[in-house]
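Quick look at what TrEMBL lists:
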TRANSMEM  12-33  transmembrane segment
TRANSMEM  39-58  transmembrane segment
TRANSMEM  79-100  transmembrane segment
TRANSMEM  157-178  transmembrane segment
TRANSMEM  232-252  transmembrane segment
TRANSMEM  264-290  transmembrane segment
TRANSMEM  302-321  transmembrane segment
TRANSMEM  336-356  transmembrane segment
TRANSMEM  365-382  transmembrane segment
TRANSMEM  420-444  transmembrane segment
Amino acid sequence: MARLGSLKIGPGPILSAVLAILALQNILLWRFLNFVPGWFYAIATMLVGIVAWALARTSPPHAHATPEVDRQGPCLRRILLLACVAIVIFVLGGEGRFFYANADWQVRDSVLRDLIVYPWPFAYRFDSQVELLRAPLGMYLLPAVAGKALGSTGADLALLVQNSLLLTLLLGLGSTLFTTSRARIRGLVITVFFSGMDVIGQWLHAHIYGYPFPDHIERWAFTQYSSHITQAFWVPMHALSGWFGAVLFLLWREKRISLGQMYAPVPLLMLMSPLGVMGTLPFAAYAGIVTLWKRDLKAGDILLPGMTTALTLPAILYLGAGSGEVGLHFMPLPPILYVIFELLEVIPFVVGAALIGRTSTGERATLLLVAVCLLLLPWGQLGEGMDFTMRVSIPALAILSFQVARAFDRAEADRSYHRPAGVMAVILMIGSITGGFEIVRALMHKPSPPVHCNLATSIYQNVDLPKHASRATYFTAIDAIPSIIRPQLSTMVSHESAQCWERPWEVSRFANKGK
């Protein structure tokens, strides 16, 4: 057993496992739309097998990785420990329904329920309009298949298993970026609890406007950069998509994987979260430019992502259908509030990483790119809310958390950096209060009730969704779907009169039962 626990798993095989899961999600979308014949699935499966084999076998363009990284990959024992961390994170976030799930899960539960209950493909009728569910379904499709066989409880557990597995593989890849156990543990803690100093911003907001201090402290500004705990609890599909983009870029930068290995999974992440992929694009572009500049481009760097992009084309057409109704536009912000926001959320971490971190050209260029992204993103808006800023920022925030963690590695080796590292540690501890609030809320509330209605009904009973909100975030007219993937509908779903939940969504575990 000890020998088995010491077995090393390289980045290539881990990437192959990730790609297989993401590819299966995309292939299940084809089944949801039901637009291809049966033999097409066999061809797609063969293509996935070829790409997965190539990912596992492909070597980075340099014979040796940089000395700061773990060259052989994580051992099985480390993978199992990281699996425990991943499970705890998602269980506390409400998956599996052992703890409270945040209000965003009201709509999410309805999406999963509809995918379980109704035969594929199905659409919704709103008065005289027929509209198709048009959303990033990657996270839901495998659990929905499990739910069709095992019921809603089986689907909830399958969702927990799927997301925990993906996060385990992600953390396993990320752990190879550190050389010692001490550095890996420190990096894991910093990454998991990474957040801006929202508690200060919320205190200022409460002091100025006289509002009570809430249990979710990230809405104090007109925009938001979510803590990593918040991302995992509220929007795991966006989080996983953006985090994978960040880790893939960092592995490429540290010469652990080739450009083709970095690019290949990215298109498949679209079905998990287009916004997460959008946030990855600046870093993918940087990697491509550097590779071309160094004349390191290989045939596999084009062929591997080319094949996965071909698999993703139906998902791209599906997600893009009718998306013009959502719209990307400029978000005006009060200048003073913007400055305060950046001072609390971004600038201390960028400055700390610049002062303490490595001075290599690649490190400086990465930090500059992160800073530019995080300074510009608050000025963009997609649709009616803050989703563009919150979700597109995920890769940049994840990369910044890694750079901060690596800065502590340098401070540990060089005593002259102890004082700035101490200041950075205090800033990180203040930031970690944000994630602490999320965990406390999960523990203080009862597990969320099961959903009893379809999505066409729950969007009008959601506690956080304005009643006048546009449906374009979740639906699009069936005629807007490109004809090549437009489904022949087998089921029509209408608004129901039923109450979606048997009790209020937020109920304290410690409420007075005598009341």
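Note that Cβ sites are derived from N, Cα and C of the backbone, with glycine treated the same way.
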At a Cβ cut-off of 8 Å, and with pairs 6 or more apart in sequence only, do we get at least 3 pairs between the transmembrane segment (12-33) and the transmembrane segment (157-178), yes or no?
yes
Taking a Cβ cut-off under 8 Å, which residues six or more beyond the ends of the transmembrane segment (365-382) line up next to it in the same chain?
223, 225, 253, 275, 279, 282-283, 286, 326-331, 333, 338, 341-342, 345-346, 350, 353-354, 357, 388-389, 392-393, 396-397, 399-400, 403
Long-range environment of the transmembrane segment (420-444) - Cβ separation under 8 angstroms, sequence gap at least 6
92-94, 99-100, 102, 190, 192-200, 215-218, 227-230, 233, 348-349, 352, 355-356, 404, 407-408, 411-412, 508-510
At least three Cβ pairs under 8 Å linking the transmembrane segment (79-100) and the transmembrane segment (232-252), pairs spaced 6 or more in sequence?
yes
Leading contact stretch, 39-58, 264-290, 302-321 vs the transmembrane segment (232-252) - CB distance under 8 Å:
264-290
Sequence-distant residues near the transmembrane segment (264-290) by C-beta distance (under 8 Å, 6 or more away from its ends) are 15, 18-19, 22-23, 25-26, 29, 51, 55, 136-139, 235, 237-246, 248-249, 252-253, 304-305, 307-309, 311-312, 315-316, 319, 362, 365-366, 369, 373, 382, 387-388, 391-396, 399
